Amino acid sequence: MSCDFSMNPFTIVLITVLVLVLQSLSTFGDEQLLVHGYYRETCPMAEQIVRYNLQFAVLKNPRMAASLLRLHFHDCFVMRGGPCWEVYLGRKDSLKASFDGANQLIPAPNSSLETLISNFKQHGLDIGDLVALSGSHTMGKAKCSSFRQQIHDASAEEEQYDKYERYTTFRRILRSICPRSGKDNRLAPLDFQTPARFDNNYFINILEGRGLLGSDNVLVKEDHEGEIRKQVWAYASNQELFFASFANSMLRMGNINVLYGNEGEIRRNCRFVNT
């Protein structure tokens with residue numbers, strides 16, 4: 001599939017088309033595994049329709065790329081200037097919907113490294129996947145409430161030994177955006193260098209202690225054995241390696257909790273369970 005994806009004013013039309021497509025897939029059988037070209041016979045243009053609409057949406061609102069990428073933890077994916085890969089299709093929607101349940105799948109922004117590793121292992125992903133997928137924080141924004149603690153709780157000793165004042169300057173910028181109290185909904189880019197582009201700058205940032213979220217910086221700070229740091233260095237120095245690893249981990253994540261047969265359904269409205 002193409003590298004650049006988005007979503008647009010034609011979303012309702014797109015969803016309607018895809019619902020009709022999905023409802024006509026009986027020729028594939030309910031127990032069919034996820035496959036490439038799932039809609040090849042019932043709607044050959046399905047993937048092109050989705051790709052076009054996603055491209056249009058990101059052009060209209062660049063933040064949409066990061067928002068949709070986050071939704072891949074539920075069922076969606078999106079890139080902006082990043083790697084390409086063929087996506088396995090044919091997922092069904094769950095028979096129940098829970099906003100709280102969905103958010104429980106995503107680690108908190110102040111999670112420790114131990115918590116992150118445990119969370120990923122619960123879903124069949126390993127440390128390599130954790131590091132590669134964390135690279136999605138190369139674009140998008142976060143609310144003040146999600147990074148306030150780490151920018152205001154830094155010790156004076158940390159600042160004293162910040163030789164080049166990179167981290168200290170970075171923290172001052174963030175403090176100007178996010179005070180100790182209030183302004184919870186103010187936004188800051190996850191990557192100040194190239195906030196709207198999918199690249200490997202995230203890894204360069206965390207090596208310099210300039211990850212926006214606490215859960216970004218712990219990949220290096222709490223890696224006492226140094227194995228994760230090696231992977232971070234590799235991605236920071238080789239963008240193509242990061243892209244390849246990211247694509248592979250996205251495919252692995254896309255195979256989490258796949259529903260078969262009567263375990264799931266094709267929703268008439270993607271926001272609601274069928275009645």
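Each residue's number is its place along the chain shown, starting with 1.
Cβ from N, Cα, C; glycine included.
Since we're looking at a predicted model, the values are computed, not measured.
Cross-referencing Thr138, Thr168, Thr169 against the Ca(2+) binding annotation in TrEMBL, which names Asp191, Thr194, Asp199, picks out Thr138. Within the set Cys144, Cys270, the cysteine that TrEMBL bonds to Cys178 via a disulfide is Cys144. Taking the C-alpha positions, the distance from Pro107 (substrate binding site) to His137 (heme b binding site) comes to 13 Å. Nearest in space to Asp199 (Ca(2+) binding site), taking C-alpha to C-alpha distance over the recorded positions His137, Cys144, Cys178, is His137. Of all the recorded positions listed (Pro107, Thr138, Cys144, Cys178, Thr194), Thr194 has the fewest other CB atoms within 10 A of its CB. In sequence order, Met139, Gln193, Pro195, Arg197, Phe198, Asn200, Asn201, Tyr202 are the residues of the same chain, not among Thr138, Asp191, Thr194, Asp199, whose CB sits within 8 A of the CB centroid for the Ca(2+) site. When the alpha carbons of Cys144 (disulfide bond) and Asp191 (Ca(2+) binding site) are compared, the span between them is 14 angstrom. Asp199 (Ca(2+) binding site) is surrounded by 19 other CB atoms, counting those within 10 A of its CB over all protein chains shown.
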